[in-house]
Amino acid sequence: MARKAIIEKWSKTPKYKTRAYTRCRICGRPHAVLKKYGVCRICFRELAYKGEIPGCRKASW
């Protein structure tokens, strides 16, 4: 419940630009968000494994 309220609050335009911060578009997680994709590292990993992010491959060396 609290996370839903925070996501609703986050979706509004802040009074000052410095108050804005990145959140995951899927789960609302505030940490480890990849700006290019707009999702957190956990959701990014899941989407990459499903093949939903074009051009993304698992690295192995």
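Going from the start of the chain as shown, residues are counted 1 onward.
Note that Cβ sites are derived from N, Cα and C of the backbone, with glycine treated the same way.
Per Swiss-Prot, Zn(2+) binding site is recorded for C24, C27, C40, C43, and the stated evidence type is sequence analysis.
According to DSSP, C40 (Zn(2+) binding site) sits within a strand segment. Within 10 Å of its Cβ, the residue among the binding-site residues C40, C43 with the fewest other Cβ atoms is C43.
What surrounds the Zn(2+) site, by Cβ distance within 8 Å of the Cβ centroid and not counting C24, C27, C40, C43, is the set R25, I26, G28, R29, V33, V39, R41, I42, F44 from the same chain.
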